[in-house]
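Reviewing the structure listed below.
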Amino acid sequence: MHNLEQKTARIDTLCREARILPVITIDREADILPMADALAAGGLTALEITLRTAHGLTAIRRLSEERPHLRIGAGTVLDPRTFAAAEKAGASFVVTPGCTDELLRFALDSEVPLLPGVASASEIMLAYRHGYRRFKLFPAEVSGGPAALKAFSGPFPDIRFCPTGGVSLNNLADYLAVPNVMCVGGTWMLPKAVVDRGDWAQVERLSREALERFAEHRRH
């Protein structure tokens with residue numbers, strides 16, 4: 001079993017430095033490099049590549065090899081087999097939409113840190129029993145949003161979250177006002193229409209704006 005405390009520390013460092021994790025779904029292989037470059041130019045250098053399309057693992061592999069300065073993670077990992085494939089492709093972290101006992105146990109034996117998805121106290125307790133203390137609240141908005149995060153801080157004072165799902169510029173301040181939020185995940189810097197037309201300059205602008213707003217709210 002790899003040291004879970006060390007992997008938790010790596011998640012902490014990732015979230016502290018990243019601040020915002022863009023959640024990326026690759027529909028065209030040709031978009032992989034220019035999209036990542038645009039996000040990075042805007043300051044977003046840790047990317048969660050979802051495995052929702054056939055290009056997900058390819059994107060992780062290519063970016064890990066061709067953009068080694070970026071931190072590339074795998075998202076939408078649903079089972080141990082997919083976790084292993086993401087690790088083999090070069091993912092430096094793994095994010096799941098939910099958690100199962102099988103997946104939590106499997107990840108304990110991997111060098112790659114896992115950020116498990118949770119939406120309830122019961123799911124937190126399941127992962128907590130295995131030693132996990134850092135979570136993705138997903139889908140954040142429909143799971144109670146900032147109010148749920150505040151409520152979780154009572155029985156679970158030592159856990160921290162990366163809320164994802166419904167987080168946007170409009171409600172970013174509400175999430176960042178909650179002390180147990182360490183970073184946020186989102187897609188708002190990658191509007192579908194913008195990506196479809198390959199407007200990478202706009203992706204860069206939206207990424208920079210997102211980080212500026214994050215810094216503004218975390219100062220208060």
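Here the Cβ of each residue, glycine as well, is placed from N, Cα and C on the backbone.
Taken from Swiss-Prot, the feature active site, proton acceptor covers GLU48, and the record attributes it to similarity to another entry. Counted within 10 Å of its Cβ, the other Cβ atoms near GLU48 (active site, proton acceptor) come to 27, all protein chains included. DSSP assigns GLU48 (active site, proton acceptor) to a strand.
If you draw a 10 Å sphere around the CB of LYS136 (active site, schiff-base intermediate with substrate), it holds 29 other CB atoms from the protein chains shown. Under the heading active site, schiff-base intermediate with substrate, Swiss-Prot lists LYS136, citing similarity to another entry as support.
Summarising the annotation, Swiss-Prot assigns pyruvate binding site to ARG52, THR76, LYS136 and lists similarity to another entry as the type of evidence. LYS136 (active site, schiff-base intermediate with substrate) carries a strand DSSP state (E or B).
DSSP assigns THR164 (site 'Plays a major role in determining the stereoselectivity') to a strand. Taken from Swiss-Prot, the feature site 'Plays a major role in determining the stereoselectivity' applies to THR164, supported by similarity to another entry.
Sequence-distant neighbours of ARG52 (pyruvate binding site) (same chain, 6+ apart, CB under 8 A from its CB) are THR25, THR76. THR164 (site 'Plays a major role in determining the stereoselectivity') and GLU48 (active site, proton acceptor) have their C-alpha atoms 11 Å apart, to the nearest angstrom.
Residues ARG52, THR76, LYS136 are the ones the record ties to pyruvate, and the longest Cα gap between any two of them is 18 Å.
The recorded positions THR76, THR164 differ in how many other CB atoms lie within 10 Å of their CB, and the one with the most is THR164. Counting only the Cα atoms, the space from LYS136 (active site, schiff-base intermediate with substrate) to GLU48 (active site, proton acceptor) is about 12 angstrom.
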